[in-house]
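Student: Here it is, the structure in full.
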Amino acid sequence: MKLHRLGSGSARLNSSLFRCRWWRPVGQDMSSLSQAQRHQASDFIVRHLLVKRFIMRGGASLWAAVVLVACNVHLHRPGRGAAGVQVLRFQEDRVATTRTKAWYKGKVDPSRQLASVTLCGRFYLFTLHGWATFFSLMNEENLNGILEADVWVERVRPVFARNWNFQLLKKNLWMSRWHHLCFTYDHQQHLISTYVDGRLNNHQNYEVDKTMSGNGAVLGQGLEAQRSFSGDLTQVNVWDRPLTSEEIHRLAECEDDQQGNYISWNEGWMLQDVTSYEMTLADICHDCTKEHWAEPNDLKQEGVWMINDTSVRDAIIWAPKEPNGLQYENCAVTIPYAVADVDCKTNLKCVTCPFTEPVRFSFLGTCESELRNVYFTAFQLDKEELMFMGYGAYHIKRLNDTWAWINVVTNKTIAFLLESVPDFPMGRRWWQLKQPVCEQKDGDRRLLLSPCPSGYFTCNDATCIPLPHRCDLKYDCGDNSDEEECELVSFPEGYQKHLPPRSVDSEEAALSIMLTVIVESLAVKTIDSVMEVSYQLMLTWRDNRLLYQDLKVDSTLNVLPLVTVIRLWTPQVEFINTIKSEHTLMDGDTLMRVDRRATSIGMKPTAPAEVELFSGKDNTLTVGRKYGTVYMCDLDLSLYPFDVQVCFMHLRISSSTRYFLLFDPEASIVNNSANRLLVEYEVQPLTLIHGGEGQFSEVKVKVPLTRRYGYAILNIYLPTLVLLIVSYVTLFIRPAVFDVRMMSALTVQLVIATLFSQVSASLPKTSYFKMVDVWLIFCIGITFLTIIFHVVVDLVVHRQADPGGSRMWVVPINKGKLGSGIMDAKPSLAGWDVLGQRVVLATKVTVPAVFLVFNICYWGYILG
């Protein structure tokens, strides 16, 4: 809420709600409140307006209005109303003792057994010594535990027949405020129900296996002083049945004063060191003053009542014969059902101001684990004297013009606020210690008095922002304090980075480390038998020695700086099958983050801020870095170019043995984001292979590679096949043209031999034949066979034509050209016999037969 015109200057109320009594209206103060706020008088009554001047950043002046709603948040005074219910006051001095108690005057029948029960009471806590037991049913054998009501700040505990059951509250209880509490147990449904201020807090299915009975009841005491009750108590009743939710609601809202049929409040109590007074139910449930200040005034012109220079006289419901103060009474107050004019100078009245919730202050950085020692409420007992009263033994108030943190039970000053601007304890301030705090004996310590509710972060100037906005890489506080001290890791005393953490499941088990490999690019060089891989390698583990602070759901906001990384233990992984000795690195390219996997375990008690803590055993650390590594591959090229290869990235934890560190076989993963189609291979899905019998835990990233044989088909098999066809076609050239037949076959063989040499040079040298070698050797062999056939055919044919050994061709004369005298130059094989024709035919049949048989065997072996 904002108050814009308080005297002079401006004011900002940052959720700060204080105890107050009176305010003297002068001029047009509060004139800038909205019309809706002016009509809230019947809903919210404020008893005082205290103005403090704050000097904020850059010397800018702000007026802070400190306001408190008087309804239900008040310091009540005994005997101020008409006769009503009896109220018992325990330990007004807030000193823990076992002497303050009240015994029940009525008769309690010990033979009366309670199977179902309801226990209700209304209390107003002054302080909590440890916890407060405000009612206890007893007998000769058991002084407590039969039927009991215990109260803390954040929880309550009903006790039924020595069955203790904590009930967490949806909203924490307040000090100095009336609360109505009811516990019911229904033995037929085996159901425990808790009601706070007339609303159901929770149900719990629980079977109480015994009935309850006693012969007396006592208020205000457990068995020790730390359990004693300090505050006001009234309307404590016990019924032998579970009350309905409607009945409990009427009791809480003061619409009914139903008395218990087992323990009745009106039966009376015998008091020991306890005072008593009466109070009306109206004052308990609706504690508002009858008169409070209204904004209209006629200061400028008598009889012209105005708000913000706007006449409102006709809109005011004046009491009979009002206004009647002439020029002496120029301010207005509300009285029941109407408005009257009063003297502005001598009347102190309340002002109205709407608030959704009263404010509870938290004093942080004190190492206090009990909420009663953390929570404070603001009160103004005397004019111009503001103080913060703790739920426990602590107060913060001015001593000799200096703010002091005091233990009112021991009457010792714990710390003084150092001089600051503004001179006010709210916000993050430096205090000078006079008593040990968080094991710090003396010196200056920074503490925080925060008005912010749960789930909010308090800036240095006491303004509030949502807790997730802290350390989110952008400024949200006006003083930029939300991006200060953003330490994510809290190191324990004696942390040693060379020692690995133990398993979170068992001290004897090895720590599981999750491996994540994301391959970004991959290349295989067949001639060098290596695989070049660019990849992200991430290791994830839990360190149960650590605590984390203010973790975000978005892990990118949980990245650790290098100065923190080098202080942490991190596993080292060695790359085994590399040319040089390589391993993971911790350098400027390394990125480490904390992954939030569980909810907060609480707040850090030593921090002067709202710092959420997260357990190291429930949340993980992840370190990652990009690597470019050349891994050696053991390639088996016997089926080249129809081979399938498998390369490995062989990784080993070298930080410690497998008895301490172990790759997690279930959580470790590998992903391939690289192009699956390489120049020579197609990459199949990658897998992880865990195992190894060595001393250290090892894992292999299996990289299956299938040869893309299209290149070999187009550049080796298809050309050689064409050459073989050419070689075979030479068998169909006329035997008489021996030179042509021979030269063609020799040329084919020379080309195939050259191709063989080129292919061999592009592949690793092996001691075994590759399938492409077999193919090329076969091609050379069959062309050689073709050449042999050419020689054989030539020999057989010409021996048949010239048995004597001289070569003579019979050239017939072309009769059609006889006159020209030109002879036909083409030789004739008219001298062939049947044998020569059969030899030629055999060569034509033998070559394809050999080719066919070879291919059946060749491709059958490859495909098989």
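The backbone N, Cα and C atoms fix where each Cβ goes, glycine too.
Because TrEMBL annotations are produced automatically, they should be read as predictions rather than curated entries.
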Student: Which of these links to Cys452 by a disulfide bond in TrEMBL: Cys438, Cys464?
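Tutor: Candidates were Cys438, Cys464; TrEMBL matches Cys452 with Cys464.
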Student: Could you identify, going by TrEMBL, the member of Cys459, Cys471 that forms a disulphide bond with Cys486?
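Tutor: Recorded partner, per TrEMBL: Cys471.
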Student: Looking at the disulfide-bonded residues Cys471, Cys477, Cys486, which has the shortest Cα distance to Cys464 (disulfide bond)?
Tutor: Cys477
Student: C-alpha of Cys452 (disulfide bond) to C-alpha of Cys486 (disulfide bond): distance in Å?
Tutor: 19
Student: Neighbour count first, Cβ atoms within 10 Å, every protein chain included; then name which of Cys459, Cys477 tops the list of disulfide-bonded residues.
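Tutor: Top count of Cβ atoms within 10 Å goes to Cys459.
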Student: Grab the same-chain neighbours of the transmembrane segment (775-797) for me: Cβ-Cβ under 8 Å, and only residues 6 or more beyond its ends, written as numbers and ranges.
Tutor: 716-717, 720, 723-724, 727-728, 730-731, 735-736, 738, 741-742, 745-746, 748-749, 752-753, 755-756, 759, 769, 829, 832, 835-836, 839-840, 843, 846-847, 850-851, 854, 858
Student: Counting only residues 6 or more past its boundaries, what in the same chain has a CB within less than 8 Å of a CB in the transmembrane segment (845-862)?
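Tutor: Distant Cβ neighbours of the transmembrane segment (845-862) are 639, 642, 724, 728, 731, 771, 774-775, 778, 782, 785-786, 789.
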Student: Fewest other CB within 10 angstroms, which one of the disulfide-bonded residues Cys452, Cys464, Cys471, Cys486?
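Tutor: It is Cys486 that, of the disulfide-bonded residues Cys452, Cys464, Cys471, Cys486, has the fewest other Cβ atoms within 10 Å.
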Student: Taking just the CA atoms, what is the gap between Cys471 (disulfide bond) and Cys477 (disulfide bond) in Å?
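Tutor: Pair distance, Cα basis, whole Å: 11 Å.
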